[in-house]
Amino acid sequence: MVIKITNTEEMRAIEAAADEAGISYQTMMERAGQAAAERALQLIEHLSDPRVTVLIGPGNNGGDGLVTGLLIKQANEAADVRFYLLTERPEDDPYIPVIHEVGLFTALASDDGDKRVLRNMVASSDLVIDALFGIGIRLPLRDEAAKVLRAVRRGLLDREKEHKEAETWSINPAQAPSEAGSGVKILAIDGPSGLDFDTGQIDTTALTADETVTFIAAKYGQLLFPGAQSVGQLTVANLGIPDKVKELKSIEATLLDAATVADLLPARNQDSNKGTFGKAMIVAGSVNYVGAANLAARSAYRSGVGLVSVASARPVAGMLAAATPEATWVLLPHDMGVVSDGATDMFFEEIGKYSALLIGPGMGQEDTTQRFLFQVLDHNRKQAVPKRRGLGFANLPPANDTEDDKAEASELPPLVIDADGLNMLSKEDEWWKHLPENTILTPHPGEMARLTGLSIEEVQKDRFGIVSEKAKEWNTIILLKGAHTLIAEPKGRVTALPFKNDALATAGTGDVLAGLIVGLLAQGMAPYDAACAGAYLHAFAGEFAAQALGPRSVIASDVIDALSSAFKALTPA
Ligand SMILES: NC(=O)C1=CN([C@@H]2O[C@H](COP(=O)(O)OP(=O)(O)OC[C@H]3O[C@@H](n4cnc5c(N)ncnc54)[C@H](OP(=O)(O)O)[C@@H]3O)[C@@H](O)[C@H]2O)[C@@H](O)CC1
Ligand SMILES: Nc1ncnc2c1ncn2[C@@H]1O[C@H](COP(=O)(O)OP(=O)(O)O)[C@@H](O)[C@H]1O
Ligand SMILES: [K+]
């Protein structure tokens with residue numbers, strides 16, 4: 001299943017087309033309620049008599065909530081399901097009579113002036129389902145809606161306080177008996193009410209959901225901050241909308257999923273040797289930033305590439321060689337530990353043997369390094385250079401290579417530019433004119449700000465718009481890092497990652513990402529696919545590392561160590 005990302009206008013058009021194709025609005029609502037109920041039942045399955053409060057709004061989001069509540073009760077007779085209505089439902093609502101028939105408790109906000117009933121309902125709940133507003137909202141929230149959400153927050157605080165008072169002290173908080181099963185969960189239908197589904201802006205009274213179940217497609221606002229912070233874990237239920245609905249099919253923005261990444265990864269041939277899986281060259285490191293090259297090289301190796309070489313100033317290689325025994329080295333001429341003029345010639349003697357190239361991590365931004373970068377980018381690719389051997393620690397004969405003098409054909413292999421490489425680009429006017437086709441740039445928001453001349457806030461506010469526009473303007477692949485990393489290419493495709501994980505917000509994880517991408521590129525993946533798969537596996541590894549170590553303590557090396565778990569989970573033996 002390919003998961004699309006839409007704005008609300010596109011979603012309305014898809015709904016109408018699905019209705020036209022024979023899936024009525026009511027059918028969609030019932031399937032939406034079914035999907036939300038499935039998640040809700042999982043959230044309460046450990047409780048013997050769970051109490052569930054469903055907040056119901058006036059529109060279809062409220063309708064989804066009514067179906068959800070009814071289905072929870074149907075599936076779990078022991079559940080105490082009660083509804084809190086912001087306003088009277090429309091006269092023709094088909095679900096209200098059923099709720100009365102089944103005898104479930106309902107309260108109406110206008111009968112609950114001080115919202116004490118609501119506060120008590122929430123304070124005694126194990127699960128609160130937020131079905132007040134979905135994509136039909138127009139901010140700001142009106143008074144009564146804001147009052148209801150504030151009362152819910154007070155109810156949640158009451159619950160927390162009661163729990164704290166009941167607490168038992170223990171030297172290990174995880175062992176305190178009252179900790180187990182204490183928290184009330186919040187499940188948002190389509191998103192926390194108060195979220196702007198197009199921009200990610202969110203009303204200050206909105207609840208912070210543990211989980212959101214959304215329908216047919218993800219919405220931009222669920223992936224943009226600050227709103228994304230309150231969305232929690234996102235599930236997308238496609239509601240059986242057929243692929244032929246062209247309003248859905250034509251959407252170019254997608255949310256990447258594990259199955260898609262697994263399909264992208266190159267197959268592994270058993271009858272192989274290290275030459276089979278490509279060779280990655282990493283130009284990285286300088287005396288002040290030694291570790292970057294190491295992280296990138298180790299990460300590249302974990303991607304399954306046959307060989308990784310690091311080209312770096314000689315003293316850097318000297319410091320790192322023992323830490324990455326698998327890497328081979330190309331020792332570039334240097335001045336005080338920074339590559340010097342002359343490095344370019346040596347680079348071109350070597351590069352013909354490699355199937356992918358990464359330039360940038362930890363290189364510094366000295367003038368000579370900048371010259372080196374642009375000479376590499378501007379190299380006359382037809383120019384032959386005389387062959388010379390004996391560089392580096394390993395005088396590497398290309399494994400199983402029948403044409404071992406590829407140095408003659410010194411065309412650049414597929415290229416990734418990261419970190420200082422990007423910073424050096426941004427110092428030059430119209431730098432994008434120097435890039436070979438299909439180059440992958442991997443800026444974080446700060447580097448993107450430098451490349452675009454915008455502020456970081458401007459970049460973050462319109463991540464999708466800016467990354468798509470610049471990929472076209474610069475005719476290159478851009479991977480914009482951060483929570484919900486985006487990858488865009490000139491032809492209009494844009495892919496978002498589902499991950500937001502503060503465990504990755506630690507120095508060096510960017511080098512790990514760049515190494516992983518160049519490793520995949522070297523194995524022959526198409527550049528856009530390598531960027532997407534690399535970003536996914538990197539963030540997925542971050543999830544494994546966070547699970548094992550807790551997000552606070554994860555460091556970049558842990559992400560490298562967790563890469564094998566990520567690969568194994570995607571492609572089980
Ligand atoms: N997309 C899909 O495929 C599917 C969509 N489905 C579901 O439909 C949902 C969209 O439903 P929807 O269009 O009825 O809008 P909804 O979010 O319920 O809100 C509208 C109500 O809110 C009110 N209201 C608005 N702003 C307000 C404010 N600031 N403060 C206070 N009130 C405000 C507004 O009042 P009005 O402005 O009309 O006076 C109106 O009454 C969608 O999110 C999903 O859950 C599924 O059933 C199936 C598949
Ligand atoms: N909160 C977050 N959620 C998901 N991914 C994150 C988050 N913070 C950082 N990352 C990821 O971690 C990496 C950080 O890279 P970068 O900022 O270049 O760090 P460094 O230069 O120190 O290596 C990127 O892949 C980025 O997408
Ligand atoms: K909602």
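Just so you know, glycine gets a Cβ as well, placed from its N, Cα and C.
As annotated by TrEMBL, (6S)-NADPHX binding site applies to 60-64, 134-140, ASP190, ALA292, GLY362, HIS444, ASP511. For ARG138 ((6S)-NADPHX binding site), the number of other Cβ atoms no farther than 10 Å from its own Cβ, over all displayed protein chains, is 8.
The K(+) binding site annotation in TrEMBL covers ASN61, ASP130, SER193. All protein chains shown were included, and the count of other CB atoms within 10 Å of the CB of SER193 (K(+) binding site) stands at 29.
Under the three-state DSSP scheme, GLY482 (AMP binding site) falls in the coil class. Listed in sequence order, HIS444, PRO445, GLN460, ARG463 are the same-chain residues six or more apart from GLY482 (AMP binding site) with CB atoms under 8 A from its CB. Feature annotation from TrEMBL assigns AMP binding site to LYS481, GLY482, ALA483, HIS484, THR485, GLY510.
For 11-247, the entry in TrEMBL reads domain 'YjeF N-terminal'. Over the domain 'YjeF N-terminal' (11-247), the average per-residue pLDDT in this prediction is 94.
The domain 'YjeF C-terminal' annotation in TrEMBL covers 257-570.
Taken from TrEMBL, the feature region 'Disordered' covers 390-409.
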Lowest local Cβ density (other Cβ within 10 Å) among binding-site residues: ASN60, ASN61, THR485:
ASN60
Who sits close to GLY63 ((6S)-NADPHX binding site): which same-chain residues at least 6 apart have their Cβ under 8 Å from its Cβ?
MET29, GLY33, ASP93, TYR95
From the binding-site residues listed here (ASN61, ASP130, ILE135), select those whose CB sits under 6 A from an atom of ligand 2.
none
According to DSSP, collapsed to three classes, what secondary structure does ASP130 (K(+) binding site) have?
strand
Determine, from DSSP, whether ASN60 ((6S)-NADPHX binding site) sits in helix, strand or coil.
helix
